[in-house]
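First up is the structure itself, then whatever we jot down about it.
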């Protein structure tokens, strides 16, 4: 089975455009941390986050700032990572459905494997064979030769993989022994399935758990397996006997993470109950409560620089990662100060972590304001912020203020159609544009706060402007207004660059903004930074990936049509006027009420007046000498427009009237009457 780097699926599947509003450098984990890997040789810790970013940290406690670098290429949660090749290569698995191969020392992505069709949840590594396995919600397990993966190039970009079939449910955990002779998977099927990766042969199925199997470990020779489950138990299995040989009921809730010492005598466990225990596998009654975290435990990593392990790193659903000392833990059996009764809580061995890698805040709440341009967000520290979706930036930090009060404070009686969606899954703002509604929102340049060079007030399409800004650096979108002959002269003189028109002419987005082209189902096709779209490789991939609906706007400059709104215009019952024939009118949904008032004054009221006058005024028609602005003034002085018996503000547009006042099905109906003098 071949897994290719890229597949040109843009023409076959519905493609959306997303971007992330964020700082250029995101030093801190912004959400829970799903996976950890320790490189003891370089004193480095790798954290894989729900914010889609893999970060590298120094574990040297003398270093004031532990942050080293970020590894960014994924677009969704990174669920697992493994260090290979003595720490030179990192493999990552993500909910964006990809497996990525990284240069761990330099921090860049070398290749992307797109074989999985759904979230990739788990990896397993056979150190002696440099073999990695990946598995996920598509129920597939793929085997990868790491040396082959690291040799991939732009021209040599196809890799062959073996697959293990037979899983009936989504896979959440995976383990392979160091020798690469046994692989075990855990799933929502509640069983352990075992294969021989050398032949891809199914060996056995182990039953016993009553819920999802979330964590798996194998000993070196592949004869014993440890499993942790959402059913709250840890089980020790003999693969030779094909049965469970011990069950450890250590936790009050689900067990999500396991680590074991090299001798396979002590298991370290953590999970939903936030507690981390060390249990002696030979004597289940001996278990030590090491510490209690502030959130459910997602992953643990033993410091194996000495035997017994001196410390354990712990990641949780919060963004902070802690290191807890294990010194003195193996003296507990002699002292008798251990927990042999789960119903009798004991004091943790550690009350404070030995080292802390601080995390950042995660956005957990969002409200789109009525102008459909600005957002209010609230994060895990209860800080509220104000954002500009159009310019892809934070406008203001408001601090710890009342979120609902801020929403009320910023309410405006204005209606703009929805044209984007917001996702907070990574803890940052991800904005998605879809062909179905991206071009729904038109506003006037004045209302958007933009000035036109000629002083006019053109109508602007928010989605169109944003797409042009996101792809501003892509040469294919550039427009050169000069003719070819002049172009050649200016090219020689070095003036051409200054004459090329880029972007939308009104604003730019931050150049570091990540832009993501992905299928509507969630699969990522291509991710790049705004500023990189001018690169040769990036331009080529954009040509393959950008959907036609985006090309129409950014390259061909074909702006979408205005939205029309149908409505009826009738005299108000109080005017005593005869009801006219019910003609269905149509106008731009941005048309202001005052323009309808002018129409009423000029085309209806004046005509009525004309029919009631004699021809004694030299046949001069009322309004013939009036200027256009005079009509506008007179219309506001003499005419009222109503909807649902509510007098309308002349500054309102028709879409706002329909949304806030009409509030009914069917076409909008407006009534007019002359103001009483």
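From the backbone N, Cα and C atoms, a Cβ is placed for every residue, glycine too.
Taken straight from Swiss-Prot:
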REPEAT    28-67  repeat 'WD 1'
MOD_RES   28  phosphotyrosine
REPEAT    73-112  repeat 'WD 2'
REPEAT    115-154  repeat 'WD 3'
REPEAT    166-205  repeat 'WD 4'
REPEAT    208-247  repeat 'WD 5'
MOD_RES   214  N6-acetyllysine
REPEAT    250-289  repeat 'WD 6'
REPEAT    292-334  repeat 'WD 7'
REPEAT    358-397  repeat 'WD 8'
MOD_RES   578  N6-acetyllysine
REGION    607-628  region 'Disordered'
COMPBIAS  609-620  compositional bias 'Low complexity'
MOD_RES   613  phosphothreonine
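Long-range contacts of the repeat 'WD 4' (166-205) within its own chain (CB-CB distance under 8 A, at least 6 residues past either end) are made by residues 118, 121-129, 131, 133-141, 143, 211-222, 225, 227, 229, 231, 237, 239, 242. Of the recorded ranges 28-67, 73-112, 115-154, 208-247, the repeat 'WD 7' (292-334) has the largest number of C-beta contacts under 8 angstroms with 28-67. Note: the repeat 'WD 3' (115-154) comprises 5 helix, 18 strand, 17 coil (DSSP; helix = H, G, I, strand = E, B). If you count C-beta pairs under 8 angstroms between the repeat 'WD 8' (358-397) and each of 28-67, 115-154, 208-247, the highest count goes to 28-67. In the three-state DSSP reading, residue 28 (phosphotyrosine) counts as coil. Contacts of the residue listed as 'phosphotyrosine' defined by a Cβ separation under 8 A and a same-chain sequence distance of 6+ are given as 67, 319, 358, 359, 360, in order along the sequence. If you look at the repeat 'WD 1' (28-67), the same-chain residues 6 or more away from its ends with a CB under 8 A from one of its CBs are 74-83, 86-87, 90, 92, 94, 96, 102, 104-105, 107, 295, 298-305, 313, 315-321, 323, 355, 357-362, 425-428. For the repeat 'WD 4' (166-205), the model's average pLDDT works out to 95. Taking H, G and I as helix, E and B as strand and the rest as coil, DSSP gives the repeat 'WD 2' (73-112) the counts 3 helix, 23 strand, 14 coil. Sorting each residue of the repeat 'WD 5' (208-247) by its DSSP state yields 0 helix, 22 strand, 18 coil.
DSSP states for the repeat 'WD 4' (166-205), grouped as helix (H, G, I), strand (E, B) and coil, give 0 helix, 22 strand, 18 coil. Around residue 214 (N6-acetyllysine), the C-beta neighbours below 8 angstroms that are at least 6 residues distant in the chain are 172, 173, 186, 228, 229, 230, 254, 255, 256, 257, 271.
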